[in-house]
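Below is one structure; the comments refer to it alone.
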């Protein structure tokens with residue numbers, strides 16, 4: 001524990017009434033990983049039974065959007081519901097413990113930083129619902145599927161840009177150790193940089209191809 005009775009950085013961070021974490025890292029991460037695998041597996045199996053044969057790429061994208069959508073909705077929703085004092089609960093829920101653990105990689109969550117709160121509001125208000133809608137759009141082959149995916153990817157990338165840039169400007173002073181910096185701050189967030197970049201590029205190409213085909217028809 002730091003000088004202020006908590007394990008976070010910076011050590012002078014004030015967290016009145018902090019209650020030490022009761023669940024171990026494994027007890028926190030195992031349920032999250034297990035639930036994520038179950039979601040991906042369920043969507044993969046269900047997507048194989050969708051009317052009209054979907055490509056492996058489309059099925060994989062459905063798995064991604066379902067995973068990221070539920071992650072956004074459940075985690076952002078739970079964080080916003082107890083953001084003022086999750087670190088001081090005497091009888092913490094799993095989600096209280098989850099954010100205590102994650103705060104070791106980014107203590108701005110424990111500090112209720114306004115940037116983090118704003119990003120989570122955008123997450124629960126747009127990114128989560130848009131991601132889940134993308135699952136339906138792909139399965140139903142909706143005409144807006146690629147535009148929706150492109151917009152959702154841009155929103156995710158913008159959120160990551162703000163998230164990382166604000167931490168950089170503050171001196172990356174929010175991780176309890178190099179391990180938590182690389183495992184949580186960088187590692188846990190990197191999929192929302194790499195995958196949206198790939199999906200946005202694919203969607204852009206699909207949209208451009210559709211416009212070129214339409215242009216050829218009007219000649």
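Cβ from N, Cα, C; glycine included.
Residues annotated as domain 'EXPERA' in TrEMBL: 57-200.
Taken from TrEMBL, the feature transmembrane segment applies to 28-50 (among others).
The transmembrane segment feature in TrEMBL is assigned to 62-83 (among others).
Look at TrEMBL and you will find 115-139 (among others) tagged as transmembrane segment.
Residues 61, 65, 68, 106, 108, 115, 119, 122-123, 126-127, 130-131, 133-134, 137-138, 185, 189, 192-193, 196-197, 199-200, 203-204, 206-207, 210 of the same chain, all 6+ positions outside the transmembrane segment (146-169), place their C-beta atoms under 8 angstroms from a C-beta of that stretch. The transmembrane segment annotation in TrEMBL covers 146-169 (among others).
What TrEMBL lists as transmembrane segment is 181-200 (among others). For the transmembrane segment (181-200), the residues of the chain that approach it from at least six positions outside its boundaries are 61, 64, 68, 102, 104-106, 149-150, 152-154, 156-157, 159-160, 163-164, 167, 172, 174-175, judged by C-beta separation under 8 angstroms.
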Residue numbers, six or more beyond the limits of the transmembrane segment (115-139), whose CB comes under 8 Å of its CB atoms: 43, 47, 50, 54, 58, 61-62, 65-66, 68-70, 72-73, 76-77, 79-80, 83, 106, 108-109, 145, 148-149, 151-152, 155-156, 159, 162-163, 166
Helix, strand and coil totals (DSSP H, G, I; E, B; other) for the domain 'EXPERA' (57-200): 110 helix, 0 strand, 34 coil
